[in-house]
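Under the heading domain 'CP-type G', TrEMBL lists 3-182. Annotated GTP binding site per TrEMBL: Asn52, Lys53, Cys54, Asp55, Asn125, Val126, Gly127, Lys128, Ser129, Ser130, Gly178, in sequence order.
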Amino acid sequence: MHMSVQLKKMEAKLRSVDLIIEVHDARIPITGRNQQFFRHLYAIRPHILVLNKCDLIDMKKYKHQIEDYYYERGVQKVLFTDCKKRLPRALNDVKLSMLDALENTPRFNRTVKTEYQAMVVGIPNVGKSSLINAIRTHTLGIKRKAVEAGARPGVTVRVQNRVRILDKPPVYIIDTPGVLSPNHRNVEDAMKLAMCDLVLESHVNLYYLADFLLFWLNRSEDFSYLELLGINQKFRKNSEKNEENLDISPKQAPIDDIQQVLALTCAANDFRIQQSIGERWDFDRAAKYFIQLYRNRKFKDSCLDNEHFLYRN
């Protein structure tokens, strides 16, 4: 459904909403946040930013830097969660922050209130529904899912009915569909969203995505892909065939050509595809293999927005 339609539906609920909880992916703490939410939602109601999937980044390295970045820009509360593991401490932080915002912020709609209502917003597939289910289980002990959650973008397709997540005081929460900004800022932002699986893979060219990953790793000076893809091992074997009595094990230099990386990955892992005229390298498989290494956190850094933090004091 079009973004403007969903925003209008969210705005229609604002009169009965006391708090906006924005969920975003910790791997891209800056990129991809929908600017329309600022104008239509956050300026009207108290706002908490929850960065989910924090297990996928180096928290010791980035937590305080991300917090400082947002505190400097007026975001008063930044929280980190991992809704898959449902860490009690993180969920308790969310609960306490919600209660603090609900009970200590002036109410805009009703002077006398017996219950509170929050709305969860964010772009697709960042874990909005998972957060609701995790909080509900943590606070009420109910394990059955209250809202449907999935591993692909677009599981929630409409503004949902409210779900009770706390008894004392009574707090309800509304799930909403993920809404991407209609004007993707640039190609790099779009690639970051795709790397984090926040857009449907059918909308993304695998080679462009693999090429972006190679660019990002080289810019981050993380050349571990040469070992992880088997390229260094293949290079050493070929060198040993050509030279005797080597004093050191040679290594392939960093590569900035994605076609070369995919070809070497195919050769190192024997990725082949059968055709009527014979065999050829399976570049699609190599590209998927490369991308999956990132998603499985095999590289030393997973924060795709690291350029915003590397040089901060």
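Backbone N, Cα and C define each Cβ position, glycine as well.
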Other CB atoms within 10 A, centred on Gly127 (GTP binding site):
24
Can you check how the pLDDT averages out over the domain 'CP-type G' (3-182)?
82
Enumerate same-chain residues with a sequence separation of six or more from Cys54 (GTP binding site) and a Cβ-Cβ distance below 8 A; give 'none' if the list is empty.
Ala26, Lys63, Phe80, Thr81, Asp82, Ala90
